[in-house]
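Single-structure report; data block below.
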């Protein structure tokens, strides 16, 4: 009997000593505007948070149709995971999914596909160009965050920012949604880079 207890204790000690150290930060995918069919339109990045906080996928619906996804770093409010909640407009609402390991909020589709499956009109649009992505972040006035893009002057004219018509929201409405998600304790907005 004592030998059996000793074996169990030694086994437990062996497992405890053999565990890998837990990282102090978690890395998540970051995308502010993802079409469910074609992937991240707004430029894909990554974000880091404390290891006690989750990676998030926030799905924005209009009535029962998925309009877009937001992927990013969540704040430590795990009770909010799997929550459904109405935003600003009676026909828009969100659903939150959380996960607790690096890059667990993976993409729902291949990124930046050149051909779109399904009939035209079912997608938000093609990925934005680098200058459009820069304009997108500037127009949102998010906390001075700019994605890792090659430095160049943002051009006006044919390459200027036009949100995908299938989205059905303005830049101002998107900004309200992102700030709401941040202030409600769901999404951590990236900070300015030095």
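Note: Cβ is positioned from N, Cα and C throughout, glycine not excepted.
Over in Swiss-Prot, the protein carries these features:
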SIGNAL    1-18  signal peptide
DOMAIN    26-118  domain 'UPAR/Ly6'
DISULFID  28-55  disulfide bond
DISULFID  31-40  disulfide bond
DISULFID  47-73  disulfide bond
DISULFID  81-98  disulfide bond
DISULFID  99-104  disulfide bond
CARBOHYD  182  N-linked glycosylation site
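Features per Swiss-Prot, on structure.
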{"residue": "28", "record": "disulfide bond", "contacts (Cβ under 8 Å, 6+ apart)": "46, 47, 48, 49, 55, 56, 71, 72, 73, 74, 102, 103, 104, 105"}
{"residue": "31", "record": "disulfide bond", "contacts (Cβ under 8 Å, 6+ apart)": "40, 42, 43, 44, 45, 69, 70, 71, 72, 107"}
{"residue": "99", "record": "disulfide bond", "contacts (Cβ under 8 Å, 6+ apart)": "54, 55, 105"}
{"residue": "182", "record": "N-linked glycosylation site", "contacts (Cβ under 8 Å, 6+ apart)": "188, 189"}
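Ranking the disulfide-bonded residues 40, 55, 73, 81, 98 by other CB atoms within 10 A of the CB puts 81 at the bottom.
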